[in-house]
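Feature list (source: Swiss-Prot):
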- 9-207: domain 'Glutamine amidotransferase type-1' (DOMAIN)
- CYS86: active site, nucleophile (ACT_SITE)
- HIS181: active site (ACT_SITE)
- GLU183: active site (ACT_SITE)
- SER235, GLY236, GLY237, VAL238, ASP239, SER240, SER241: ATP binding site (BINDING)
Amino acid sequence: MTTNIHDQRILILDFGSQYTQLIARRVREIGVYCELWAWDVTEEQIREFNPNGIILSGGPESVHAKDSPRAPQYVFDAGVPVFGICYGMQTMAEQLGGAVLGSDMREFGYAQVEVVEQMALLNNIEDHVSPNGNALLDVWMSHGDKVAAVPDGFITAAKTDSCPFAAIVHPEKQFYGVQFHPEVTHTRQGQRMLSHFVLDICQCEKLWTPDAIIEDAVARMKKQIGDDEVILGLSGGVDSSVVAMLLHRAIGKNLTCVFVDNGLLRLNEGQQVMDMFGDHFGLNIIKIDAEERFLSALAGTDEPEAKRKIIGRVFVEVFDEESKKLKNAKWLAQGTIYPDVIESAGSATGKAHVIKSHHNVGGLPDDMAMGLVEPLRELFKDEVRKIGLELGLPYDMLYRHPFPGPGLGVRVLGEVKKEYCDLLRRADAIFIDELHKHDLYNKVSQAFTVFLPVKSVGVMGDARKYDWVVSLRAVETIDFMTAHWAHLPYEFLGKVSNRIINEIDGISRVVYDISGKPPATIEWE
């Protein structure tokens, strides 16, 4: 009998912090299931979820602003421990009768808090010791307002010179609040604080482990699918690859994978996918060579968003045609992951702005009349990778740098042509090859080459040449929300440039992109 890995759970209410998903990932890393919901959740939904504890995230608002978000009153009446982080602490303090002081001065960055009263959340945690013998903690602050008076029953557990209530606790109700962010790595022992809350205070067991997740997913899919057949669009990316391996374990030959080669993939990628999943793992896999169809549809289009939509539309058409040939397939599998679910759910009162449209199979026709199988919809990307390793997928494939859904369609600037894609594929392969050879690949977060639709004069021997330009792009980032351009050695960049120009007829110049994010995005389109 499989363990109920969802039996013990933490609810995280999102007040808009850029770090909120990080809180959820940290709780999962501890080994406990959690879900992330918008702050305006109803009492009925909380009751139904029945959490062992609740975490209130940070957020950009001031509790003094009109219509600023508040925790549902039931959070404080549910009889479970509550942990307020930054804004979460402020709204808890004000809602329970304390006072929050507005401030035009933000405290942002490293700070040192002094523990003045022991509490379970900070038990046996110290980074330094103060002259009077108290524990000092290295933490990360990001706030404007601050608590000025604690509600009845609360005591002060930690302070800084500028923040007298850096950590507070209601010992009887087990309500905790901190003005810093334990979820970020800059708070040196933040993970221990979260672990104290989840394991010691909420008394959850570590049931959420890769092998248990696999066992649970396989059991649920067997129950859902039975003896039916399933079709999966396999791209060779992390998500669809892990879905393929999970389904193969659950239903074996009743899975058919469809791999659409759109002509916008990396060098030899199509053959690598077929070799790995067809020959090595023994999956049923159909390869569709659709390069000409995609490039014909893209001809004459140079606007990035229009290109994305065309690539998505043509994929749906090709996949739909192939699925209709598989008359026994009653289920469609997708690699939806938890951040996709969070993004789709949103807040009942929130607003969102699309910077770039996401490329996935979400737009499949209504008349496909298939059930949906989404075994990864509870998982974050880092969890998907861990599952993939457990299932036998190679590390190099699972931890490869991100590749956009539209592929080279958004790395060839302007109109996409076969000539441009072929040149770009080879140039990019040289860049990645040299990164591996110089042990730099895993030291940057993402690296790729971009084709620029401009020609430049060059000299090769005694001959003048007039050929295309490519740009190398490499960035360092923790969360891909902000990024620095990677300071790769000049000698290395020179070697990559020489190889590209000497080995590829058609490229005369190589440049290096030194733009950060912001203001630039990581991808050029």
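Placement of Cβ uses the backbone N, Cα and C atoms for every residue, glycine included.
For the pair the residue listed as 'active site, nucleophile' and ASP239 (ATP binding site), the Cα-Cα distance reads 33 Å.
Within 8 Å of the Cβ centroid of the ATP site, not counting the listed residues SER235, GLY236, GLY237, VAL238, ASP239, SER240, SER241, the chain contributes LEU234, VAL242, VAL243, GLY335.
Taking only the Cα positions, the spacing between GLU183 (active site) and ASP239 (ATP binding site) is 25 angstrom. Look at the recorded positions GLU183, ASP239 and count other Cβ atoms within 10 Å of each Cβ; ASP239 has the fewest. Put plainly, the recorded positions CYS86, VAL238 were compared by Cβ crowding within 10 Å, and the winner is CYS86. The CA atom of ASP239 (ATP binding site) is located 30 Å away from the CA atom of HIS181 (active site). The two recorded residues, SER240 (ATP binding site) and HIS181 (active site), have Cα atoms 33 Å apart.
Around SER241 (ATP binding site), the same-chain residues at least 6 positions away in sequence with a Cβ under 8 Å from its Cβ are LEU234, SER235, PHE277, GLY388, LEU393, MET397, LEU398. Here GLY236 (ATP binding site) is positioned 36 angstrom away from HIS181 (active site), judged by their C-alpha atoms.
The secondary structure of SER241 (ATP binding site), as reduced to three states from DSSP, is helical. SER235 (ATP binding site) counts 26 other C-beta atoms within 10 Å of its own C-beta, drawing on all protein chains shown.
Looking at GLY236, GLY237, the binding-site residues in this record, the fewest other C-beta atoms within 10 angstroms of the C-beta turn up around GLY237. For SER240 (ATP binding site), other Cβ atoms within 10 Å of its Cβ number 23.
Across all of the domain 'Glutamine amidotransferase type-1' (9-207), the predicted model scores a mean pLDDT of 93. Over all protein chains present, the Cβ of HIS181 (active site) has 23 other Cβ atoms lying within 10 Å.
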